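According to TrEMBL, the feature disulfide bond maps to Cys157-Cys197, Cys158-Cys183. Positions annotated as transmembrane segment by TrEMBL: 16-40, 61-83, 89-113, 226-250.
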Amino acid sequence: MKFIRSEEGAHKFNRWLFFGSNAFFWTLGWWFLVIGMWIYSDRHEYAILARASFNPLSSAGICLGCGLTVIIIGFVGVLGAWFENKLLLVLYISFVGFLFFVELTTGTLGFILRGRVAENVKMDLLYNINSTYVSKNHADSYGVRLTWDHLQSTLKCCGSNNYTNWFKSVYWPKNNFVPDSCCDVSFFKNNESMANCGQNYEHRDMWYQRGCYEVFTDWLLRHGKIIVIFSYIFVIADALALITAVRVYLFIRCREKNNEVGYRYKKGNNCNDSITEEDI
């Protein structure tokens, strides 16, 4: 009987170890939700300037999706372990295993593709300057002009590399103009005095001298770095939850199998390799 108690004790230990691992896993799901909402709210209006494959809204979507999935599946895992329901445990193990590979891939690609993201951001900013920025007298259904103006005035930058990127734009092909949002507000008393300041090339020293490429890229990669770090933390928690869930599932299946053949435990078939038929 002492071996039976040892068997049940080992099962209880595995189950509580699973509850602990799953609690950590479940907590990370809530953190992913918080990070996703933070990324979305942190100057998400700039997302239109970057392609969908690496703009912050994509990162926010990944975090929100993973967070919701983890919270739901974590609850399913608790129910499966508590009521010893194999179907729920299989569902839990399948989803956790899938998330393990998703997060591992996300973290690895995020680390490898940092350089490519920076180069693509530069190309996209130049494209938006030359092709999609519109003047105040033109319709701007996508908000590109407002986004550029907000980006430049908020980050105190001008153009992609520098203000010369705006020269001879398709909207002022014969002039070295820049948008008024490139004007350094420290040189002006109020917004009214800034009117058409971007058309005064002789006072270009009143324009922001640094480009937006580095500032904007740093902002994007900061989100990416956070996701990469969290992805690897998540992978560790995921692995712990997966291993403990598998142990709980295998014990339940083994015990049910042994009960089906007319005895609780059989030598060589005992669930924790600690109980034999003779010991009972």
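Glycine is treated like the rest: Cβ placed from N, Cα and C.
All annotation found in TrEMBL is predicted automatically rather than curated by experts.
TrEMBL feature annotations superimposed on the structure.
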{"residue": "Cys157", "record": "disulfide bond", "Cβ within 10 Å": "22"}
{"residue": "Cys158", "record": "disulfide bond", "Cβ within 10 Å": "29"}
{"residue": "Cys183", "record": "disulfide bond", "Cβ within 10 Å": "25"}
{"residue": "Cys197", "record": "disulfide bond", "Cβ within 10 Å": "20"}
_Within-chain partners of the transmembrane segment (89-113) [C-beta distance under 8 Å, separation at least 6 from its ends]_ = 25, 54, 62, 66, 69-70, 73, 76-77, 80-81, 224-225, 227-228, 231-232, 234-235, 238-239, 241-242, 245-246, 248-249, 252
*Could you give the Cα-Cα distance between Cys183 (disulfide bond) and Cys157 (disulfide bond), in whole Å?*
9
*Distance between Cys197 (disulfide bond) and Cys158 (disulfide bond) at the Cα atoms, whole Å?*
13
